[in-house]
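Below: the structure, in structure tokens.
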Amino acid sequence: MDHLPIFCQLRDRDCLIVGGGDVAERKARLLLDAGARLTVNALAFIPQFTAWADAGMLTLVEGPFDESLLDTCWLAIAATDDDTLNQRVSEAAEARRIFCNVVDAPKAASFIMPSIIDRSPLMVAVSSGGTSPVLARLLREKLESLLPLHLGQVAKYAGQLRGRVKQQFATMSERRRFWEKLFVNDRLAQSLANNDQKAITETTEQLINEPLDHRGEVVLVGAGPGDAGLLTLKGLQQIQQADVVVYDRLVSDDIMNLVRRDADRVFVGKRAGYHCVPQEEINQILLREAQKGKRVVRLKGGDPFIFGRGGEELETLCNAGIPFSVVPGITAASGCSAYSGIPLTHRDYAQSVRLITGHLKTGGELDWENLAAEKQTLVFYMGLNQAATIQQKLIEHGMPGEMPVAIVENGTAVTQRVIDGTLTQLGELAQQMNSPSLIIIGRVVGLRDKLNWFSNH
């Protein structure tokens with residue numbers, strides 16, 4: 001270990017930055033956030049430093065560097081574009097046993113600045129020892145995505161509860177289980193973020209007083225259309241916290257690779273015309289796992305409330321009194337159209353968009369007359385097997401046969417395939433494609449040749 005990671009208490013302690021440019025400004029923000037009593041020395045300053053000085057947040061010393069500026073300091077940073085001056089600052093600090101950071105010169109510094117994830121009072125620092133700052137930044141970004149934005153407020157609140165929790169729960173095991181519940185409770189985090197004291201109190205009392213082996217909860221998470229990069233930040237956090245993940249065929253392997261390693265995985269994949277697991281059985285799986293006290297994520301392709309039968313699953317949980325929440329996802333219509341260069345709406349071609357399922361309950365019939373109207377875009381989910389019928393019905397109800405159409409297979413994935421043509425060709429085009437596919441019908445499809453960006457990557 002080349003460097004010892006430490007967290008310094010700098011509040012109301014004298015610190016010095018030598019340098020008045022953009023790099024010095026970034027360092028100054030960190031020291032000000034830490035409550036340091038900051039002096040900045042430079043020949044000239046960018047406007048932000050002047051604004052801070054006018055607000056009484058720091059002291060500016062304009063002119064050449066003088067070693068006496070270090071006499072009362074606990075910490076110094078050399079952040080000029082003059083290597084000789086930076087070295088001089090470092091040597092003067094070293095002589096006074098003051099830790100000094102030299103920007104972009106780790107070998108000349110007695111300490112280095114890590115990449116920081118600030119969820120105060122929770123702080124995470126990532127460092128490559130100065131060998132690869134870009135790698136440290138990339139790791140910080142990945143960790144940022146895993147830590148909820150309001151986690152710091154929850155951590156601070158937890159500190160206020162420690163005494164009561166110690167009284168309420170006799171053993172370390174019980175306390176640990178309580179804290180695990182508290183830190184993953186979305187309602188408490190949101191209540192703290194909104195400063196909703198009533199909700200904070202209610203949620204806290206519920207968490208403290210309910211049995212530790214209480215019923216679990218189910219989180220319905222939309223996985224998006226395929227590309228793992230389109231999974232929402234909150235969706236990622238939920239699958240990282242799950243005890244059980246119940247998922248279907250439309251969830252990509254890349255997304256499943258993000259699931260917590262020790263979580264149980266239950267595949268309930270379905271295909272058009274063939275159900276691996278009946279819907280009622282899926283409902284019972286969710287219910288059964290939650291009743292064991294587990295945190296269950298029902299992971300569904302696209303958005304769970306758009307042709308995902310999410311509402312049916314939640315009704316079962318609601319009737320059984322199981323707590324649940326929903327994390328929406330990017331629906332296939334948005335993802336597939338964007339990755340195919342087809343805007344769903346356009347001032348010249350479409351003032352509305354219709355999302356339509358290719359599957360209806362027995363006896364169901366679509367309003368084909370309204371669907372055949374101009375100035376709109378139609379998006380058919382699960383319509384591949386019904387493409388010939390869709391073609392026939394729309395033409396019968398007045399849609400022009402030359403209306404542009406596109407079919408998107410495996411939308412947003414690296415294996416995405418798009419085929420386009422006219423409405424009179426739709427049934428024939430569908431025979432060339434495989435599920436999962438999405439059908440898009442409307443004048444906006446004609447923009448695809450101009451706006452198709454994804455196939456060029």
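Every residue number used here counts from 1 along the chain in the order it is shown.
In case you wondered, yes, glycine gets a Cβ from its N, Cα and C as well.
Here the structure is a predicted model, which means the values were calculated and not measured.
Residues Pro225, Gly301, Gly302, Asp303, Ile306, Thr331, Ala332, Met382 are given by Swiss-Prot as S-adenosyl-L-methionine binders; from Gly269, Gly411, Gly421, Gly427, that same site also lists Gly411. According to DSSP, Asp22 (NAD(+) binding site) sits within a helical segment.
Pro225 (S-adenosyl-L-methionine binding site) is 52 Å away from Ala44 (NAD(+) binding site) when you measure Cα to Cα. Of all residue pairs in Pro225, Gly301, Gly302, Asp303, Ile306, Thr331, Ala332, Met382, Gly411, the annotated binders of S-adenosyl-L-methionine, the farthest apart have Cα atoms separated by 16 Å.
Cα proximity to Gly411 (S-adenosyl-L-methionine binding site) (within 10 Å) is found for none of the recorded positions Val23, Leu43, Ser128. Pro225 (S-adenosyl-L-methionine binding site) has Asp248 as its nearest neighbour among the recorded positions Asp22, Val23, Leu43, Ser128, Asp248, going by CA to CA distance. Across the region 'Uroporphyrinogen-III C-methyltransferase' (216-457), mean pLDDT in this model comes to 92.
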